Structure formats: structure tokens, C-alpha cells
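**Student:** Reproduced below are the annotations present in TrEMBL:
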type	residues	note
COMPBIAS	230-255	compositional bias 'Basic and acidic residues'
COMPBIAS	256-287	compositional bias 'Acidic residues'
COMPBIAS	294-303	compositional bias 'Acidic residues'
COMPBIAS	516-528	compositional bias 'Basic and acidic residues'
DISULFID	CYS114-CYS149	disulfide bond
REGION	213-326	region 'Disordered'
REGION	497-540	region 'Disordered'
SIGNAL	1-27	signal peptide
TRANSMEM	470-491	transmembrane segment
Amino acid sequence: MGESKRIVLALYLCFLVAYSSFQLLSASSNDAHDAIFYESFDEDFEGRWIVSGKDDYKGAWKHAKSEGHDDYGLLVSEQARKYAIVKELDKPVSLKDRTVVLQFETRLQNGLECGGAYLKYLRPQEAGWKPKEFDNEAPYSIMFGPDKCGATNKVHFILKHKNPKSGEYVEHHLKSPPSVPFDKLSHVYTAVLKPDNELQILIDGEEKSKANFLSSDDFEPPLIPSKTIPDPDDKKPEDWDERAKIPDPDAVKPEDWDEDAPIEIVDEEAEKPEGWLDNEPEEIDDPDATKPEDWDDEEDGEWEAPKIDNPKCEAAPGCGEWKRPTKRNPAYKGKWSAPLIDNPAYKGIWNPQEIPNPNYFELKKPDFEPIAAIGIEIWTMQDGILFDNVLIASDDKVAASYRETTWKPKFTIEKEKQKAEESAPDSDATAGYQKKVFDLLYKIADIPFLSDHKPKIYDIIEKGEKQPNLTMGALVAVVVVFLTIFFRIIFGGKKKPARVEKKNAAQAESSDSQAGEEKEENKEKEETSAAPRRRTRRES
């Protein structure tokens, strides 16, 4: 990327930052009166939000800026912790017979591998909870937001609804929730509850899911129970036959049916391949192997050379005693069993009779519980989760206005920065990557069985550090050295016999001087790659 382009991009990003700051200030002053509740986190949360005092919730909340912005939010600051914090509303918010919009932003600045980033909209404290004791048992009306771990990857929407017959509160889950965006950008989550029983789930202002609260196709379990249920006291009659097919009682095994016939028999037509070496074993003693100098027959037992594949067998069709192969037995029929026929006593699969459901009720609209507080109660393995711009409104246009003025400017800056980073060489990322590679290589060099080769490995690493463009080459070189030595240790006893060529006296004399210098250097390598001992212990 040219210098002029970099300057233009920098000016453009500065403009976006200034514009977003202006928009955020405008949102705080102009739109706040249109909201039922709005939390921008421009001011510190302490004294306004209450952190749970329960022992399980040790995660530290922080008032921090979103990366790359002057905008503050509520930050999850530590990994592998439970977090709980709650904000009481000035007065409970009714969800009945009106449009209610629940909206908030999250930014997963370090990604999200396993954890939640959802909000709980809590019932009044009379339902049985206290702010300082806020935990996962606190009764909520709605739970909404991202959750990702293992096979779970969804934006939850859970309604806790009271059955008027049983008095029990039941969790009703949206059957088809949208997935969590897989990036580290700011995203805004919106749930629109309408008086006609419709629910809309939006991510970044785009509708991702639509449902009807009273539809059994949209919630599990459905809000309206079934009219009937299986009778728990009904029992299957003893003579009830559920077998659709039965063995034919009149069938008789044929006289020529041999149940003892083997599956395979020797192929009598097979002939031994030409060139088969009957007298050659498949493995032979390694002719290059020598008894180690420190071998003690009394201590280690009689030494035996390790075995290698017989080279003569490689060119031949086979070695050792030849035996005819087997083939499938054409007379094999296996265990005889009578054929199946329709069961004349078949009555079908038994099910208990249906009886009226004592907990059934009719419903024209959900009986929503009021919202008296907003809580965040999560367990997460990732830090860097930032919550911001929590909104409750009675008009989806108000929520759209907040998205335009608070979320969209930040998201635009982040997208532009992401594009710039993807198109321009990232020297910092490259340097960080190279450092990790060289740290790994130094750790490899410290492996005990590589100690004899450590100077050579260090030399490769140092060359790679001086010339960063050789990083990958250095990595490959060290890995090759590592694997070569590793396989020598593991498979050293299976090496092929060395090919020895005779030399005439003149050649031998001229090479003696060079060989003498190499003997000491190669002696250690030969010992490293020597065949492993085969210890045959003597019986005491």
C-alpha cells in the first residue's frame, strides 16, 4: 500500500472516529427521553449497578473503552470466571398489550470459544431474589443474547411463563434461534415483542428469526400445553402382541441344509507361484549389527542380532512354507431359521390411552411477567466481552435510531480497519508470529535426545532470526532434523544392510587421511543410530 493511500485511510478513520463521537453524544442527549431504560456506560457503573456478593462469582467487572474507540462499556476482564451484576429499574416495565424492544450491544474482543454474553430481564424482587445475592437461580422473565460452547452456538431467547393451572414457571426456548456472529466486531442484538404475539430477533438491525409466542412450531415446549396427555396409570395388557412378523411355525429345515459347513475352504485349484523361495525366511539377522561393547552376557543375557526383512524376498513372490489360500465355501448356508410371516395376533404398537391434561389452559396472549431489573449472569472462558448501550423501548423505531447513532458508527470504523489490515502487510502480526515460531524452535532444541545436535539447531534458528524471510525455512529445517533423529531412534534396528564396495590399495591409502578425520565425528552418530539391543534374559 502506497504512502498516499495510508494517509488517506488514516484521515478517513479519524473522520469516522470524530463522527461516531458526535453521534454518541447526540444519542445520549436527544434520544434518551424516548427510551424506557437506557444505559450507555459513559459513566462508571459503580454505585449504579450492583455486583453480586456470592462466592461463586469472582469475575471482575471493569469500566473500559471499546478497543479503538472513546466509547466506554462494561467489560468482562478475566478468563474462566463466573460473573454476576444487576441494575434495578426505576419502576417495573410491563410487557403486556404493547410493543417492547429489548436491545443491547456486545463486542467479543478476544472471540468467544466457550461462554455466554446474554442478559436476563428479571422479575420483581418479591419473586425471591436480592441484588447482592444475584445468581443463576434469580427468577427472570426473559433471557436474551449470545451463547457459544461446543455444539451450542445460538442467540438465546427464553421466556419463563407461568402455567396458571399448575402455578409452575416453565422455560420456553425459541426453536430456531440465529447463530452468534463469528468475529470480534461490535454487534447489536434486538428482540421486538409485539402485541399480536409476534417476536422478531434482529442482529445488527437485520431480521434473523421470526416467531409467534403461541405457536407450537416456534417454542419448545409450547406455551399452550396439549389438551390431552398419556394416562400414566394405563398399563399394556399381558396378551398384547406388538410383533408384526413371526417365524413360520409350519416351516421345516431342508434336508440338505448343512449348518456345520465352514464359511471358507482351502482352494484346491491354487498353485504355488513360480519363483517362491521355500527355504528362505521372511526375516534374517541384520548383518551390519554388532554386539555392543558394554553388553554383559551375565547381566543382559545372550546377545542376538536384530531382525531385518530378507532382501531376497523383495524380488520373489514370497518366502517360507507355501500354503494354499482359502476361498468362500459355495456350500455354506449358515444357521437355518424359519422364514417370517404376518403375525395373525398382531395388534400394533401399544400406547397408553389419552386423558384430559389437568394442566391444559387456553391462551390468547402470553402472560408476561414484568421486568424490574436487568442482570448479566454468565460463565465464560474468554475475557474481553464488552457490553454497551442497553436499551428498553416501546417503539422499534426508537431502537433503530439508537442503532444508527451508537452502534453503526463504531461498526463502520471496525469494518474499515479490518479491511485495511487485511489488505496491508501486517508487520506487527508477522513479528508476533515469527517470535512464536522461534520460541517453539528453541524449546525443540532443548529436548534431551537432541542435545548432541543443539549447536546445529541453534545455528539454523539464529540464521532465521537474522533473516525473517527465512522463518518458515528454519522451522522446516529444525522439524526435519527432529524427525530424522526421532525415526533413527525408533526404527534404527530395521536399517538395511550397508553396501560395502571393495577398494584397491591406492584408493584406500588416499582416503585414509580423510577417513581418519571423520571417524571420531561419525563414531558418535553411528552409536546413536546403532541397532537396539535384543536382550534375551536367562531363566534363573
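Residue numbers in this text run from 1 along the chain shown.
Using the three backbone atoms N, Cα and C, a Cβ is placed for every residue, glycine included.
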**Student:** Applying a 10 Å Cβ distance cut-off over all chains shown, what neighbour count does CYS114 (disulfide bond) have?
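**Tutor:** A 10 Å sphere around the Cβ of CYS114 (disulfide bond) contains 14 other Cβ atoms.
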**Student:** Which residues, given as numbers and ranges, are at least 6 beyond the ends of the compositional bias 'Basic and acidic residues' (230-255) yet have a Cβ under 8 Å from it?
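**Tutor:** Cβ under 8 Å, 6 or more out: 336-343, 345-355.
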**Student:** Sequence-remote contacts (6 or more beyond its ends) of the compositional bias 'Acidic residues' (256-287), Cβ cut-off under 8 Å?
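**Tutor:** Residues packing against the compositional bias 'Acidic residues' (256-287) from afar: 304-310, 312-313, 316-322, 324-329, 331-336, 493, 495, 497, 531.
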**Student:** Take the Cβ of CYS149 (disulfide bond) and count every other Cβ within 10 Å, whichever protein chain it belongs to.
**Tutor:** 14
**Student:** Can you count helix, strand and coil residues in the compositional bias 'Acidic residues' (256-287) using DSSP?
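**Tutor:** Summed over the compositional bias 'Acidic residues' (256-287), the classes give 0 helix, 7 strand, 25 coil.
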**Student:** Report the DSSP secondary-structure composition of the compositional bias 'Acidic residues' (294-303) as helix, strand and coil residue counts.
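**Tutor:** So the compositional bias 'Acidic residues' (294-303) is made up of 4 helix, 2 strand, 4 coil.
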**Student:** When DSSP states are grouped into helix, strand and coil, how many residues of the compositional bias 'Basic and acidic residues' (230-255) land in each?
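**Tutor:** So the compositional bias 'Basic and acidic residues' (230-255) is made up of 0 helix, 4 strand, 22 coil.
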